[in-house]
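Each remark here refers to the structure printed beneath this line.
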Amino acid sequence: MNHEVMNLFNPQSPAQTFDSIRISIASPEKILSWSYGEIKKPETINYRTFKPERDGLFCARIFGPIKDYECLCGKYKRMKYKGIICEKCGVEVTLSRVRRERMGHIELAAPVAHIWFLKSLPGRISTLLDLTLKDIERVLYFENYIVTEPGLTSLKLHQLLSEEEYMLAIDEFGEDQFTAMIGAEAIYELLASMELEKIANDLRAELSETTSELKQKKLIKRLKIVENFLESGNRPEWMIMKTIPVIPPDLRPLVPLDGGRFATSDLNDLYRRVINRNNRLKRLIELRAPGIIVRNEKRMVQEAVDALFDNGRRGRVITGANKRPLKSLSDMLKGKQGRFRQNLLGKRVDYSGRSVIVTGPELKLHQCGLPKKMALELFKPFIYARLDAKGYSSTVKQAKKLVEKEHPEVWDILDEVIREHPVLLNRAPTLHRLGIQAFEPVLIEGKAIQLHPLVCTAFNADFDGDQMAVHVPLSLEAQLEARVLMMSTNNILHPANGAPIIVPSQDMVLGLYYLSIVSEKEPGEGMVFSDIGELHHALENKVVTLHTKIKGRVKNIDKDGKEVAKLYDTTPGRLIIGELLPKNPSISFDIVNQEMTKKNISKMIDQVYRHCGQKETVIFCDRIMQLGFSHACRAGISFGKDDMLIPDSKLRLVAETEALAKEYEQQYNDGLITQGEKYNKVVDAWGKCTDRVADEMMKRIQAVEFDPKTGRQRPMNSIYMMSHSGARGSANQMKQLAGMRGLMAKPSGEIIETPIISNFKEGLTVNEYFNSTHGARKGLADTALKTANSGYLTRRLVDVAQDAIISAVDCGTAKGLTMQPIVDAGQIVASLGQRILGRTALVDILHPVSGEVILEGGAMIEEADVAKIEEAGIQSVQIRSALTCETRLGVCAKCYGRDLARGTPVNQGEAVGVIAAQSIGEPGTQLTMRTFHLGGTAQVVDSSHLEASYEGTVEIRNRNVVRNSEGHLVVMGRNMAILIKDGSGKERVVHRISYGAHIFVDDGDVVKCGQRIAEWDPYTRPILTEVEGYVGFEDMIDGLSVTETADESTGITKRLVIDWRANPRGADLKPAIIIHADKKGEAIAKYKGAEARYMMSVETILSVEPGSHVKAGDVIARLPMESAKTKDITGGLPRVAELFEARRPKDHAIIAEVSGTIRFGRGYKNKRRIIIEPNDETLEPVEYLIPKGKLFHFQEGDQIEKGDYILDGNPAPHDILAIKGVEALASYLVNEIQEVYRLQGVLINDKHIEVIVRQMLQKVEITESGDSGYIPGDHVDRIELDEINDNLLAEGKRPASGNPILLGITKASLQTPSFISAASFQETTRVLTEAAVSGKIDTLQGLKENVIVGRLIPAGTGGTIAQIRRIAAVRDDLIVDEQRKSGNNEVAKAMLTNMTTVTTVE
């Protein structure tokens, strides 16, 4: 009964359920149907009575009453008059909240154009009428007339006439022979008279005839818009408005401030402007004012409406009283402060608090300490309910009083309320999903939240004043989700790479490391202990120390659960750690019987998690944390200045390097090397010196010393312990403390040639200090900038991947990727095992020798399988990938593989796209914040030689070598590779060897591991001669194409090729070095039938004199490379963004599209033409134009393979896709992005990058439309195209064809099928305009759109609920059909009224 009475006063209208949202252009009739009345006056409210003015912007008659159930004049009050309209003031008696939903309208005296359809590119009005935007604006803003009906005159339709021309035309033809109009009326007439179907047919016909590409583009653009209008049922003339809707007054409130002033929404000012101008125009028309005045007023109305819809889009920005631009309707939606991002995608929530965090080492992993004061406030409603239920209070008011006075029973009840009620803790910035986790609260005194030390890594929290927010999940479902999904004990593994994230750090690591140290000659060495009790006894009586070498018996259980014991050589400390290990046959004492560095601890936790499950792991982690803290405290490790040992050999090493640097200086003075080469060599030498000093220092710090008095080992160096264990500090920082600081970088990224020889212990000189401040400040400035960049990258990634959800179990595709280990400069960077773990095998994996099946296709590759695969020596495995998944919406579980955060196959409904975006974005932010930790010390990244990484036999592919005049073997080929094979003939490693390198091995040689195979100069690119002969110069004209520069400091001259195209006289030159067969210099030597002529590019340094004798393989010229820049994620983050945005790099590589022979064609002024004649006769030759002066490797007649680089550089991803296909592109993007992160030591699983790349490759560009409705150039979803083509083929029609295209993440986000998602991302007005014209329907498939309309997202639990609803709907339909069939129409009707209807909201 109680409920019904309550509902009488506050009737809740049932929320309308809907399945999709449609957006279209509002017709004038629609606007009138929304409106509750016309607004005629610009007044808002009466400033004395505070009552709204009648017919004004806040009129109560139109919009509804100010107070609930009370008319304006006060004649009718209270519920009993509900629904009556007062005859005196005309106000309906109802709830005041209707003022939030009732709209009004303004009748305009002259039509105006809607600025979005006019100006938002491409301008819809101008494209439809096939006029330029300028012309349309001239007509709209009353500058020119436009001919709407030429009649029989010589005027053309749509011709623009100025005032004079119009008058002349009237004089010439007479007023009734033609019609020309001005203003929005003219455009309205033109749009209203358009026959869209006819125009569409004409355009299609014209398209099929035209050949010019430009014309085709223009026609396609216009045809698209015409088709959009036809399909959506919008009329073009609706883009010109005659009535303007006015939004409800409570959405643009007028709030009285104290002192009799008002704060108002900007929209009211903008509406007032429109009404004022419109009323003035009406009056002028009534008074029959002169045309020029009326026209001016009409223009003012148009401008006022423009400002209302989109202030500042055209003309001056309209400002308010305080010179601030007014916020128009568009500004309300746009940007970070707009409706979408401020209120719909992120809301402030109730039941939350924030406070400083402190460490809580005595907590269990699933607990957090919550201050009593906070808990009391957060759980108030629960406390009131419990007080009521227990009979302490009968009303909420009483309960409130009890709580405010903090009665003792309140605390008891608070204890009951929070028991088993998890709370969420969040630390900003929340970069990945581990930034919010659930804990069970433990009440504590004080005002700070206590946080468990092990979850700090996940939150990236420290206790230097960080704050965290607490949220209370209210409903039972929310509590359940918090407990099952978000509890800190359920988030042990990192979603980015599957490694444990709950790993001890800092003090805990130090404590465990200290426990696991072994020392020589400690008391009690060699004793044997049978169990842990004996050991503790011995330790307490100081018979042994923690580090003594002893033998200890360790008990474990075998596979049958029986207890087994084994004797180990170990130390008491290690036995103490081993005691905590869970008993399991798969976990041996060996994982503890080693130095417990952070890496090893992580491996240990991983093992425990994999074999013993989650519960054991959590208990184990808590225990080792306690142990670590307690022993770090007992060890009392600290360090002083004297712990930093400076190596004795430092002076000698520095002196040697100084001598070297002097020698390079001398070589430079003698003209043997250039300025750039000298710089590179000096930087290299100092880099090596720094490393050697650092190595010596490390050796000295690590050294084990014995005390001569006691004969015992001296305690280990504390700094070394901290760094080596991974607790704090790195080798790099130690190097700066006790070695030498080394080379510094300038803010531009160049390295300063003079190094900092001192370290921090010795102290820097003033000069050195100044040099080091240079790089350090850059680091700090970078940090601030890069944080923003990284956050923006994450936002774009989330946006592009948000609808990648696991939606099916198996898509059944036969496609996949081939995985191989990644080798860089002979080092295996990522092993095959790391890359395939947790993926699904595409086909059976067979043993290469015996042929037995190691793993069946379609099975998940687990740790045990990886071990078998690596044992068998398999080098490549085919796996399934999200990239090749064929699920329509989302990804299937088989293609995705293992859920890294759980270690099990991924569940349906998991939002893998968002996880991928977070995994890639989170380290970006982390790294950008870390650039300055090295204090700007430069790290030079470059290699100049190659060493064998395996023993084996050498095989050379595409062998092309010659011996030069010094007797070295020089590589002459472009794609030569050295393979090393092991005894069984299996390829172990492949190295591409660059042109001009010297190699020290030949085919069939046997090499040892670490033997040098080849070396090259990393700073210059050589140009070699392929024949023996005498040098001659061609087109080398002094001052035009060559300059002899004398170095100021040395006076030595060198010849340098300069840009000959800069001078008009040099336009036709082709500088080259030619090799003559004889001394006279007449005949030119031949090589493979072509003349030995070597084209020179700009900045080449000539190494030979004319007439000198050269042998094949000698260097005739060198092209200096960029000096070594330092590599840091600062270069890395923009690189990642560049790859994900699929931008063409500056100076990108040119890739050969076909395999064939190279020919040179006729060059242009500053381009060279290169033609590839394909080996395949059926193909046409392909031409490339290459800027002259760029280094071009090939000579005429060379063979080139498809996919080879004609010009070096970073390839453009689009070219890779077009030439080599999707798989090559995917592996290129994955490897490039991984390389950036690997440099920083960040591990991200490949599958995350693949998910993002999949989203970038969703679209196909239509090339042939066939019998489909597509237009060439349309971008269509590839799976949608496949479905449509299958239908077309089934009907015997011609299918459409297209090429896959790669979209950058921003473009791909804006092209999602959901306009709500796209509008909330970027370019809101453009997206909404486009969607409205084509009458788009958003089916609410992705996550973002559902958040915006306020529903559960279709992932996780929300996805399951949605699925249940779908099944229920199908079941209901079946029951209704059955009832109908059996004649129970009444029952069926009743059921139908109760069933949810599927509606589309407009």
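Keep in mind that glycine also has a Cβ here, set from the backbone N, Cα and C atoms.
Among the features that Swiss-Prot reports, Zn(2+) 1 binding site is placed at C71, C73, C86, C89, with the record citing sequence analysis. Look at Swiss-Prot and you will find D462, D464, D466 tagged as Mg(2+) binding site, backed by sequence analysis. The Zn(2+) 2 binding site feature in Swiss-Prot is assigned to C811, C885, C892, C895; the stated evidence is sequence analysis.
Overlay of Swiss-Prot feature records on the structure.
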{"residue": "C71", "record": "Zn(2+) 1 binding site", "DSSP (3 states)": "coil"}
{"residue": "C86", "record": "Zn(2+) 1 binding site", "DSSP (3 states)": "coil"}
{"residue": "D462", "record": "Mg(2+) binding site", "DSSP (3 states)": "coil"}
{"residue": "C811", "record": "Zn(2+) 2 binding site", "DSSP (3 states)": "coil"}
{"residue": "C892", "record": "Zn(2+) 2 binding site", "DSSP (3 states)": "strand"}
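Among the binding-site residues D462, D464, C885, C892, C895, the residue whose Cα lies closest in space to that of C86 (Zn(2+) 1 binding site) is C892.
Excluding C811, C885, C892, C895, which define the Zn(2+) 2 site, the same chain contributes A808, D810, T813, R880, A882, T884, E886, T887, V891, A893, K894, Y896 within 8 Å (Cβ to the Cβ centroid), listed in sequence order. Sequence-distant neighbours of C73 (Zn(2+) 1 binding site) (same chain, 6+ residues apart, CB-CB distance under 8 A): C86, K88, C89, V91.
Comparing the Cα of C895 (Zn(2+) 2 binding site) with the Cα of every entry in C71, D462, D464, these being the binding-site residues, the smallest distance points to D462. Shown are the binding-site residues D462, D466; of these, the residue with the fewest other Cβ atoms within 10 Å is D462. Taking Cα separation as the measure, D462 (Mg(2+) binding site) is nearest to C885 of the binding-site residues C71, C811, C885.
On the backbone, the CA of C885 (Zn(2+) 2 binding site) and the CA of C71 (Zn(2+) 1 binding site) stand 63 Å apart.
For C885 (Zn(2+) 2 binding site), the count of additional Cβ atoms within 10 Å of its Cβ stands at 25 [all protein chains shown].
The closest partner of D466 (Mg(2+) binding site) among the binding-site residues, by CA position, is C892; the full candidate set was C71, C811, C892. Of all the binding-site residues given, namely C86, C89, C892, the one with the smallest number of surrounding CB atoms inside 10 A is C89. Separating the Cα atoms of C811 (Zn(2+) 2 binding site) and C71 (Zn(2+) 1 binding site) is a whole-number distance of 63 Å. Look at the Cβ of each of the binding-site residues C71, C811, C895 and count the other Cβ atoms within 10 Å; the largest number goes with C895.
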